[in-house]
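What follows is a structure written as structure tokens; I'll ask about it next.
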Amino acid sequence: MHGQARRLVEHQHQPIAVKKSRFHLFRSHAQTAITAAPMNDSTQDNAPEQKRQSWWQRLSSGLKRTSASLGSAISDLVKKRKLDSAMLEEIEDTLIRADLGVTTAARISEAIAKGRYEKDIDESEVKTVVATEVEKVLSPVAAPLSIEGAKPFVILVSGVNGSGKTTTIGKLTAKFTREGHKVMLAAGDTFRAAAIEQLKIWGGRVGAKVIAREQGSDAAGIAFDALTAAKAEGVDVLLIDTAGRLQNRTELMSELEKIVRVMKKVEPSAPHAVLLVLDATVGQNAISQVEAFGKTAGVTGLVMTKLDGTARGGILVAIAEKFKLPIHFIGVGEGIDDLQPFTARDFARAIAGLDD
Ligand SMILES: Nc1nc2c(ncn2[C@@H]2O[C@H](COP(=O)(O)OP(=O)(O)OP(=O)(O)O)[C@@H](O)[C@H]2O)c(=O)[nH]1
């Protein structure tokens, strides 16, 4: 594995230019409350630090399974041994098993080796190198989702069934609404009645209008109606849910293409973003999903969900390394506040099991 990984290191990709992430904070809200209660002065003084702590706690606890499995493997390896090539190989294999990808795993093991051969090495030293190297991979792709430059800003949300599309749309709607934007939703996943109902529930919860028709309706027609209505009603952001049955890839992709084609009749610049929602728990399978959707749906950015429910958070690093697509958000729970803007340093430190 070691040699194979090393050979693959030579296959480097050119990074695309992506704006480096700025740190954006969400306000903390009760699940059903959209507007934060007014804070008293003393709370306001500490507010940024409190928000930062609550954000970090959610991220690091969300990634606990990944960091715990990686951390315990590393600590077992480095116990009472000097660094040698066998240990390096084991560390590299551990990183590959944690889904970080062969390229990053090899780069990390090279960085660990530098100046440390035949020396005692401790767990925190290894974790720090892991965090530093992971951050290098993630920094170029950590990009906030900007909704500037178009009104309505149209976001098409794609992904396979159960990846967390509808939940992510709900969380995004809450975020945009909190920020003072008028949001509209389109129930373009007409394949399942439950998906339409779920979107209506999210819309009701956050006070966003939902354009929907009965199950089996033409998704492109819904997108057309929604965009027309969004323009007429001065909506800032239109989020369009789509069906995700990857087993029938041709049909699915032609449906996505039709949605885009039909929307362009109303607004030639739409959609302004095409998000692909990925479920972290599927591990390596997420890579083939990026390949499938990336090619045909014109994906402009990624959201990875369920990082709280898996030890496979490392897959995001492999995806960043391989595809260089902007990563906008990560989902670390089912609650309305559990969608976090993606920041390279925080994610890298959380995954390595280091403190804030
Ligand atoms: N633990 C956890 N669960 C999540 C997260 N995001 C979504 N879920 C859950 O994953 C399940 C599927 O989410 P949906 O939003 O219905 O997924 P979908 O892609 O819209 O699925 P379809 O409607 O079948 O196309 C739900 O039970 C969500 O609550 C997350 O970040 N963490």
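Don't overthink the numbers, they just go from 1 along the chain as shown.
Glycine too: its Cβ is placed from the backbone N, Cα and C atoms.
TrEMBL: automatically predicted annotations, no manual curation.
Remember, it's a predicted structure, so these values are computed and weren't measured experimentally.
Below, the features straight out of TrEMBL:
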REGION    34-53  region 'Disordered'
BINDING   159-166, 241-245, 305-308  GTP binding site
DOMAIN    326-339  domain 'SRP54-type proteins GTP-binding'
Over the domain 'SRP54-type proteins GTP-binding' (326-339), what does the predicted model average in pLDDT?
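A mean pLDDT of 91 is what the predicted model shows over the domain 'SRP54-type proteins GTP-binding' (326-339).
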Please list, in sequence order, the residues in the chain of Leu307 (GTP binding site) that are at least six apart in sequence and whose C-beta is under 8 Å away from its C-beta.
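Those within reach of Leu307 (GTP binding site), by Cβ under 8 Å and sequence separation of 6 or more, are Gly62, Leu63, Thr66, Ala280, Gly313, Leu316, Ile330, Gly331, Val332.
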Can you give me the same-chain residues 6 or more apart in sequence from Thr242 (GTP binding site) with a CB-CB distance under 8 Å?
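Spatial neighbours, sequence-distant, of Thr242 (GTP binding site): Leu156, Val157, Ser158, Lys165, Gly188, Asp189, Ala219, Glu255, Leu256, Ile259.
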Near ligand 1, which of the binding-site residues Gly162, Lys165, Thr242 have CB less than 6 Å from any of its atoms?
Gly162, Lys165
Can you tell which of Gly159, Gly162 has the least company, meaning the fewest other C-beta atoms within 10 angstroms of its C-beta, among these binding-site residues?
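Taking Gly159, Gly162 as the binding-site residues, the minimal 10 Å Cβ count falls on Gly162.
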Starting from the Cβ of Lys165 (GTP binding site), draw a 10 Å sphere and report how many other Cβ atoms land inside it.
29
